[in-house]
Amino acid sequence: MDIRSDDAKKPMMMWFLGMLLFSMVAESNAQLSENYYASTCPSVELIVKQAVTTKFKQTVTTAPATLRMFFHDCFVEGCDASVFIASENEDAEKDADDNKSLAGDGFDTVIKAKTAVESQCPGVVSCADILALAARDVVVLVGGPEFKVELGRRDGLVSKASRVTGKLPEPGLDVRGLVQIFASNGLSLTDMIALSGAHTIGSSHCNRFANRLHNFSTFMPVDPTMDPVYAQQLIQACSDPNPDAVVDIDLTSRDTFDNSYYQNLVARKGLFTSDQALFNDLSSQATVVRFANNAEEFYSAFSSAMRNLGRVGVKVGNQGEIRRDCSAFN
């Protein structure tokens with residue numbers, strides 16, 4: 001979709017609003033530090049890495065599950081581990097419809113890492129920081145870039161399913177819709193495109209993109225922006241009426257963190273509408289092409305975007321708490 005010149009200022013306006021929001025929380029973000037636990041739990045990164053690696057060796061879904069959980073957590077209430085809270089009434093953040101598909105392996109990864117950390121540094125390291133470290137570690141385990149993680153987040157005291165609605169990008173969004181959501185969290189267009197590259201690993205239920213394969217429009221049953229051969233592959237893969245049927249988001253290298261996601265977009269093989277829109281829209285197309293042609297440029301942008309994501313809505317200082325159990329408030 002090309003954005004008309006009359007509308008071109010709207011995404012830019014959202015970026016400026018997002019940057020304003022980001023500057024408003026800069027003071028609290030400044031309290032994050034790469035060596036935050038240098039004196040209180042100096043081995044925290046090694047402890048988390050060992051726990052994550054052990055879990056990853058048990059199942060490769062650990063990587064996409066943990067990375068996706070970090071994204072979902074940060075976009076609702078900020079990066080504060082609010083997505084881990086369990087509620088008997090099933091009204092916590094994790095119970096929202098948009099979070100019900102979060103894989104159990106993501107929860108298990110952080111819980112096991114938290115247990116390992118608590119055995120060495122009881123009551124010191126937040127679940128939010130452990131999730132941030134685990135998200136970095138799984139990226140490295142599947143071949144992605146290694147980057148420094150800022151620490152010092154506190155765990156949140158609020159977790160409500162009702163606050164999730166509208167906070168997470170849907171697979172049917174266009175670039176304008178994506179920009180609005182990311183900018184509301186202080187993230188730029190480049191951040192959004194780079195973070196979308198996390199779709200190079202993981203899978204999706206067929207119902208999340210079925211509208212592109214069947215009854216797309218009155219005259220076109222299949223989305224015309226999708227490569228026809230790829231469309232037939234998906235139709236065949238999703239022929240099973242089982243609602244739990246899944247396909248890999250990146251059919252070329254599902255378990256490797258690389259830039260093939262962007263190469264697929266250039267070839268019109270993006271799984272979600274929101275994926276393919278990144279190439280179809282002129283405001284994001286050039287960046288997609290750069291990332292498709294240069295893996296190192298993508299890795300650099302992704303590393304920067306992950307650090308920016310990790311600063312969203314953080315609780316620091318006297319805000320929040322250090323949970324003893326990630327699934328329950330103290």
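Cβ coordinates come from backbone N, Cα and C, glycine included.
Look at Swiss-Prot and you will find 1-30 tagged as signal peptide.
Per Swiss-Prot, disulfide bond is recorded for CYS41-CYS121 (among others). For the recorded site, CYS121 (disulfide bond), the DSSP three-state label reads coil.
The site 'Transition state stabilizer' annotation in Swiss-Prot covers ARG68 and is backed by sequence analysis. Around the Cβ of ARG68 (site 'Transition state stabilizer'), 20 further Cβ atoms fall within 10 Å across all displayed protein chains. The DSSP secondary structure for ARG68 (site 'Transition state stabilizer') is helix.
Feature annotation from Swiss-Prot assigns disulfide bond to CYS74-CYS79 (among others); the stated evidence is sequence analysis. Cβ contacts within 10 Å of CYS79 (disulfide bond), excluding its own Cβ and spanning all protein chains shown: 28.
The disulfide bond annotation in Swiss-Prot covers CYS127-CYS326 (among others) and rests on sequence analysis. Within 10 Å of the C-beta of CYS127 (disulfide bond) there are 30 other C-beta atoms, taking all protein chains into account.
For PRO169, the entry in Swiss-Prot reads substrate binding site, with the evidence type sequence analysis. Shown in sequence order, GLY177, LEU178, ILE181, PHE182, SER274 are the residues of the chain, 6+ apart in sequence, with a C-beta less than 8 angstroms from the C-beta of PRO169 (substrate binding site).
Under DSSP, ASP258 (Ca(2+) 2 binding site) is assigned to coil, being neither helix nor strand in the three-state scheme. Within its own chain, ASP258 (Ca(2+) 2 binding site) has GLY143, GLY144, THR200, ALA295 as residues 6 or more apart in sequence whose C-beta sits under 8 angstroms from its own. Marked as Ca(2+) 2 binding site by Swiss-Prot: THR200, ASP250, SER253, ASP258.
Around CYS206 (disulfide bond), a 10 Å sphere centred on its CB holds 20 further CB atoms from the protein chains shown. Per Swiss-Prot, disulfide bond is recorded for CYS206-CYS238 (among others).
Packing around ASN215 (N-linked glycosylation site) is summarised by its Cβ count: 11 other Cβ atoms lie within 10 angstroms of its Cβ, all protein chains included. The feature N-linked glycosylation site is assigned by Swiss-Prot to ASN215.
If you take the Cα of CYS79 (disulfide bond) and the Cα of ASP250 (Ca(2+) 2 binding site), they are about 27 angstrom apart, rounded to a whole number.
Taking Cα separation as the measure, CYS41 (disulfide bond) is nearest to CYS127 of the recorded positions ARG68, CYS127, ASP250, SER253, CYS326. Comparing Cα positions, CYS326 (disulfide bond) lies closest to SER253 out of the recorded positions ASN215, CYS238, SER253. The Cβ of CYS238 (disulfide bond) lies under 8 Å from the Cβ of CYS206, ALA210, LEU213, ALA245, VAL247, each on the same chain and at least six residues away in sequence. The Ca(2+) 2 site is defined by THR200, ASP250, SER253, ASP258, and by the 8 Å test on Cβ atoms against their centroid, the other residues of the chain that qualify are ILE201, THR252, ARG254, THR256, PHE257, ASN259, SER260, TYR261. Put simply, CYS127 is the one of the recorded positions ARG68, CYS74, CYS127, ASN215, ASP250 whose Cα lies nearest to the Cα of CYS121 (disulfide bond).
There are 24 other CB atoms within 10 A of the CB of ASP250 (Ca(2+) 2 binding site), with all protein chains counted.
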